[in-house]
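As written in Swiss-Prot, here are the features:
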- Cys40-Cys43: disulfide bond (DISULFID)
- Cys103-Cys130: disulfide bond (DISULFID)
- 1-13: topological domain 'Cytoplasmic' (TOPO_DOM)
- 31-48: topological domain 'Periplasmic' (TOPO_DOM)
- 66-70: topological domain 'Cytoplasmic' (TOPO_DOM)
- 89-144: topological domain 'Periplasmic' (TOPO_DOM)
- 164-175: topological domain 'Cytoplasmic' (TOPO_DOM)
- 14-30: transmembrane segment (TRANSMEM)
- 49-65: transmembrane segment (TRANSMEM)
- 71-88: transmembrane segment (TRANSMEM)
- 145-163: transmembrane segment (TRANSMEM)
Amino acid sequence: MVSNWLDAAPRRVLALISAACIAMLAFGMYLQHVVGLEPCPMCIVQRYALIGVAVFTGLGSLRGGRGWWMTWGVLALLLSGFGAFVAARQSWLQWYPPEIATCGRDFYGMIENFPISRAIPMIFRGSGDCAAIDWTFLGGSIANWSFVCFVVMALVLLVMLLRAPRPARGGFSAA
């Protein structure tokens, strides 16, 4: 049933993923501005990945040829994989915190004060803030749930792209 839906409406799937990303970003803003949780550098990178997936899937859901929605879908798939990687790294830091947990620089401080070649490794090394678990739902931290969401989006995109109808080769029709 789900695979039939994926076959019939790839643009609907892309629109649904875009809406889910926007909902997750809105929930992140709620946690930050209403609940008072400050995002760590890895959380901010995950937000950027969500924004990218939302934009690419949103563009893919608009009218256009098959090639366009497939292009946007592939880009969204790559960003979903990147977001899953960052969320997995943050989950690892939460499960196995570093010996010395310090509150490192904030994300924007790292980007502004260090060359990008030094800032990127610092972000992925994490800080004491990245290992902290400030909120849980059903036993999972925000990073755990973010990982699950990124993996589900990546799997849905992958299935959608793999099941996309292929154009006939060589000019022969199957009929």
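The first residue you see is number 1, and the count goes up from there.
From the backbone N, Cα and C atoms, a Cβ is placed for every residue, glycine too.
In the predicted model, the topological domain 'Periplasmic' (31-48) has a mean pLDDT of 82.
Residues 3, 6-7, 10, 13-14, 17, 20-21, 24, 46, 49, 53, 57, 70, 73-74, 76-77, 80-81, 83-84, 87-88, 90-91, 137 of the same chain sit 6 or more residues outside the transmembrane segment (145-163) yet have a Cβ under 8 Å from a Cβ within it.
The residues of the topological domain 'Cytoplasmic' (66-70), classed with DSSP into helix (H, G, I), strand (E, B) and coil, number 5 helix, 0 strand, 0 coil. For the disulfide-bonded residues listed here (Cys40, Cys43), the lowest count of other CB atoms within 10 A around the CB belongs to Cys43. Classification of Cys40 (disulfide bond) by DSSP places it in coil, neither helical nor stranded.
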